[in-house]
Amino acid sequence: MQVGKRTISHLKRPSYTYENYRETANWLLAHTQQRPKVAIICGSGLGGLADLLENKTVFPYKDIPHFPHSTVEGHASQLVFGDLQGKQCVCMQGRFHFYEGYNLATVTYPVRVFFLLGVETLIVTNAAGGLNPSFKVGDIMLIKDHINMPGFAGQNPLCGPNDKRFGVRFPCMSDAYDKDLSRLAKEAAEELGFSAFIQQGVYCMLAGPTFETIAECKVLKTLGADAVGMSTAPEVVVARHCGLRVFGLSLITNEVVTDYESQKKANHEEVLETTKMRTMDLQGLVSNLLAKM
Ligand SMILES: O=P(O)(O)O[C@H]1O[C@H](CO)[C@@H](O)[C@H]1O
Ligand SMILES: Nc1nc2[nH]cnc2c(=O)[nH]1
């Protein structure tokens, strides 16, 4: 029995209970009249998306029960509720990354809170390195699929006991990115005259925080990835588990280095610089997409 007990104590436990998520959601519902149907996660340097919202209510993460904090430059730490194109939205200015030392339950904590708030659609954005040789810095890639590389190594946010109140034990991921939303985003981009810098492709998440070696970039290209980053896949997995529709986009902030003769070095400063260049275009695209939804 003793052995049995010890075995059980070694089973992976969820780091949050259903009640934790519920408490966070109830606290937010008690502190705002807004009832968002759309949630937006802002990638590195892309927090300006929250500026689009009207009638804002802002909650610093530190004031929200059970909510994690963001530690990365380019990620403010606040949840912004407000209206965009007549739709009630909630926007995460600052996301959580695995490389910050958070487990994946923490990285994805807000997504389940959004579900409990009544959110139906998740828009995820990120900064990513371009692997596809036809991509240029400043391109916006509509994500058609992802490769969850940490998942290959046993780091999937759904590992551990399944709570049916969120979703099924074995969720499908072949339809992770909503085709209708992607089509609407393409239309929205065309209307704005963005066709020259809109791409579609596969996002690969690596754990980070290191940027890739040249050999790693070559492997990722061979695997069929078009862009690489350190986020998004866990949030999308958890969103799909609880039935949210997902639309994702990557801003190609840098070209990855694949040539041993190259003097270029990936760096976070370049990533943030590129986001400044495309901030207004991204805001226009998301806003126009919301108008069509
Ligand atoms: O994925 P987001 O949060 O946009 O940020 C990307 O940019 C940072 C590296 O410059 C990493 O955090 C990477 O994941
Ligand atoms: N892993 C990774 N993440 C990024 N985020 C922005 N650019 C990059 C990149 O080149 N590699």
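Start at 1 and count along the chain as shown; that gives each residue its number.
Even glycines carry a Cβ here, placed using N, Cα and C.
Pulled from TrEMBL:
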- Ser44, His75, Arg95, Phe96, His97, Ala127, Ser231: phosphate binding site (BINDING)
- Glu212, Asn254: purine D-ribonucleoside binding site (BINDING)
- 37-290: domain 'Nucleoside phosphorylase' (DOMAIN)
Legend entry - Coarse DSSP state, helix versus strand versus coil, of Asn254 (purine D-ribonucleoside binding site): strand
Inset, instruction - Return the residues near Phe96 (phosphate binding site), defined as same-chain residues 6+ apart in sequence whose C-beta is under 8 angstroms from its C-beta, sorted by sequence, else 'none'. - result: Pro68, Ser70, Tyr102, Thr106, Val107, Tyr109, Pro110
Inset, instruction - Kindly point out which of the binding-site residues Ser44, Phe96, Ala127, Glu212, Asn254 have a C-beta less than 6 Å from some atom of ligand 1. - result: Ser44, Ala127
Inset, instruction - Give the subset of the binding-site residues Arg95, Phe96, His97, Ser231 lying near ligand 2, defined as CB under 6 A from any of its atoms. - result: none
Inset, instruction - May I ask for the distance between Glu212 (purine D-ribonucleoside binding site) and His97 (phosphate binding site), taken between their Cα atoms and rounded to an integer number of Å? - result: 17
Inset, instruction - Count, for each of the binding-site residues Arg95, His97, the other C-beta atoms lying within 10 angstroms of its own C-beta, and report the residue with the smallest count. - result: His97
Legend entry - Nearest-integer angstrom distance between the alpha carbons (Cα) of Ser44 (phosphate binding site) and Asn254 (purine D-ribonucleoside binding site): 13
Inset, instruction - Determine, from DSSP, whether Ala127 (phosphate binding site) sits in helix, strand or coil. - result: strand
Legend entry - Distance, Asn254 (purine D-ribonucleoside binding site) to Ser231 (phosphate binding site) (CA atoms, angstrom): 16
Legend entry - Site of maximum Cβ density within 10 Å, from binding-site residues Ser44, Asn254: Ser44
